[in-house]
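Enquirer: Quick one: the structure is below, and I'll ask about it shortly.
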Amino acid sequence: MSLGIRETIVLLKEHHLLKSVNVPDNTIDIFNQITYNSQTVREGALFCCKGNFKPEYLTSAKEKGAFGYVSESHLAEGSGLAEFIVTDIQKSMALLGAAFYDYPQNDLFIVAFTGTKGKTTSAYFSRGILQKSTQEKTALFSTIDRFVGSKPDQHFKSHLTTPESLDLFHDMRTAVNNGMTHLVMEVSSQAYKKNRVYNLKYDVGVFLNISPDHIGANEHPTFADYLHCKEQLLVNSKICVINAETDHLEDVYEAAKATSQPDDIYLFARKGGKKQVALPLDFEFENQSETLHGSNFTLRSISQKAKELSLDNQYELSLPGDYNESNAASAIIASGLAGAGVVNVKDSLDKILVPGRMEFVKTKNHGTVYIDYAHNYGSMKSLLAFLRKQTNAGRVIALTGSTGNKGESRRKGFGQALSEEADVAFLTADDPAFESPQAIAEEIDSYIDHDKVEVHFNMDRISAIKEAIQTSTNQDIVVLAGKGEDAYQKVDGVDTPYPTDVTVAREVVKEIEND
Ligand SMILES: CC(=O)N[C@H]1[C@@H](OP(=O)(O)OP(=O)(O)OC[C@H]2O[C@@H](n3ccc(=O)[nH]c3=O)[C@H](O)[C@@H]2O)O[C@H](CO)[C@@H](O)[C@@H]1O[C@H](C)C(=O)N[C@@H](C)C(=O)N[C@H](CCC(=O)O)C(=O)O
Ligand SMILES: Nc1ncnc2c1ncn2[C@@H]1O[C@H](COP(=O)(O)OP(=O)(O)OP(=O)(O)O)[C@@H](O)[C@H]1O
């Protein structure tokens, strides 16, 4: 892979990003690496200076043999290197990254998901279905992990939901080289805010839902900004699939229409579900039966274009939660648009599980323990409401915390959701960062209605889990919310190893049931 100096100049100019360029006479005219991390620089690299950058990183890049740098301002440390001063480093990185890796997106059918909740689950469903229809040639870039091929060593953990552009195009190229023909990816609103996916087009873009989240100093200044960023997925998709039950449907539909004909926009909803705008539906789904371990639902096409996909059928899910039927419906439609048929869906959907989402641990004498990633009002409310519907005489015992220095509005949301749907709450630590977990817990508690919910505080998450399980009877349901498969707690800026809620729950159950 490589990038010529001329190509760099032309690309940046075409997108009106180039402020100035200075190429010393003796510079070799091809870059054989592009990177934003000085620690990985090799001879011949083009080094991108972005984010909380320190000039000494450029010094180090130069010492390691970088030939050029891209930056939003001139840096004396870069003297002697080819210099590209740009108006927006993130956009520049996305354009140059795509070019450096020779536009791998052109060799992949890309299905992209966005939404406040359900991205990972829907992406897992979609990839599972497409693995069948493409004979295991579908890559997945999710919050949890990335599959750039079908072999075990082509699978690794993710650091971000949507990676930095240079990493994104690198991984796409690897996927193509590994024989992948399709890619399912999650696109976060931050990816648009930070231009990680600038100029990238998707074959199918899915909009799941939107509710206030990710608003704060380090993410989006306002809800309007959050919505705008999420809508960009549809603006950049050839075919759009939209959950017609989403809030702000009118706005979202308009965004899709900006670049797609109505014939290329598919709307779906639960039969009888709340729809805020009277737009004609293409698909509806309907629950047939549900348990604490899964559900059975039908998908029915309404419009002619939907009928042409031939996806109508009854499907089974092994992931409980009524909202997962909506996630599954979106994944079936998106996968259908990517070439999958009913048989592929039937052969895969009932076997798909998602790490850290509705995993459960059964007990003999206590309540069944659910481990889930719910970490805002919307997801906590849906999760607890579903479990409450499924419990008969038992109590809903929910354990949660809330992140420090991030998503501060979630604390009020947790207090509300717990008041509405839980009987007992265990408040504990969840990535407190530089804040006090006890203070965060007290803030959540200030929004809890104490006439409805019995509240316990224990900032040691492992011991809190033990307490929650121990106090449950076999009629109760215990929910460990917020961390899913996370194997760390963010404390004072350090990712402190944590065995995961699933592991802790299994060990606690083994210990207390052998006592
Ligand atoms: C606000 C934001 O977008 N921050 C991201 C950004 O940070 P940054 O550009 O400031 O980078 P930095 O890590 O501070 O370092 C500055 C630069 O110096 C370089 N450096 C650093 C050290 C060195 O020795 N040499 C060197 O060259 C780094 O490579 C980097 O280019 O780029 C980093 C990777 O390059 C990301 O890890 C980081 O994400 C932070 C940690 C983060 O958590 N972001 C969250 C908000 C996020 O993006 N979340 C969304 C999901 C949200 C949702 O669910 O909707 C996501 O897509 O994951
Ligand atoms: N469609 C949905 N509506 C409401 N809640 C949902 C929906 N889908 C999943 N959830 C809840 O949200 C949690 C996170 O789900 P998932 O990881 O699929 O979403 P996500 O959009 O990837 O989340 P995040 O951006 O937080 O990583 C689940 O554990 C579940 O509790």
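Glycine is treated like the rest: Cβ placed from N, Cα and C.
Among the features that TrEMBL reports, domain 'Mur ligase central' is placed at 114-334. Annotated ATP binding site per TrEMBL: G115, T116, K117, G118, K119, T120, T121, in sequence order. According to TrEMBL, the N6-carboxylysine annotation covers K230. Under the heading domain 'Mur ligase C-terminal', TrEMBL lists 356-484. What TrEMBL lists as motif 'L-lysine recognition motif' is 430-433.
I'd like to know what surrounds each of these features in this structure.
Expert: In the three-state DSSP scheme, G118 (ATP binding site) falls into the coil class.
Neighbour density for K230 (N6-carboxylysine): within 10 A of its CB lie 27 other CB atoms from the protein chains shown. K230 (N6-carboxylysine) falls within a helix when secondary structure is assigned with DSSP.
Confidence over the domain 'Mur ligase C-terminal' (356-484), given as mean pLDDT on the 0 to 100 scale, stands at 94.
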Enquirer: With every protein chain in view, what's the tally of Cβ atoms within 10 Å of the Cβ of G118 (ATP binding site), excluding that atom itself?
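Expert: Around G118 (ATP binding site), other Cβ atoms within 10 Å: 28.
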Enquirer: Which of T116, T120, T121 has the fewest nearby Cβ atoms, counting only those within 10 Å, among these binding-site residues?
Expert: T116
Enquirer: What's the number of neighbouring CB atoms sitting within 10 A of the CB on K117 (ATP binding site)?
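Expert: Around K117 (ATP binding site), other Cβ atoms within 10 Å: 23.
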Enquirer: An 8 Å radius from the center of the G115, T116, K117, G118, K119, T120, T121 Cβ atoms defines the neighbourhood of the ATP site; name the other residues of that chain inside it, in order.
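Expert: Other same-chain residues near the ATP site: F113, S122, E186, L208, N209, N327.
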Enquirer: Mind running the recorded positions K117, T120, T121, K230 against ligand 2 and keeping the ones whose CB falls under 6 Å of it?
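Expert: Those recorded positions that pass the cut-off, since their Cβ is under 6 Å from ligand 2, are K117, T120, T121.
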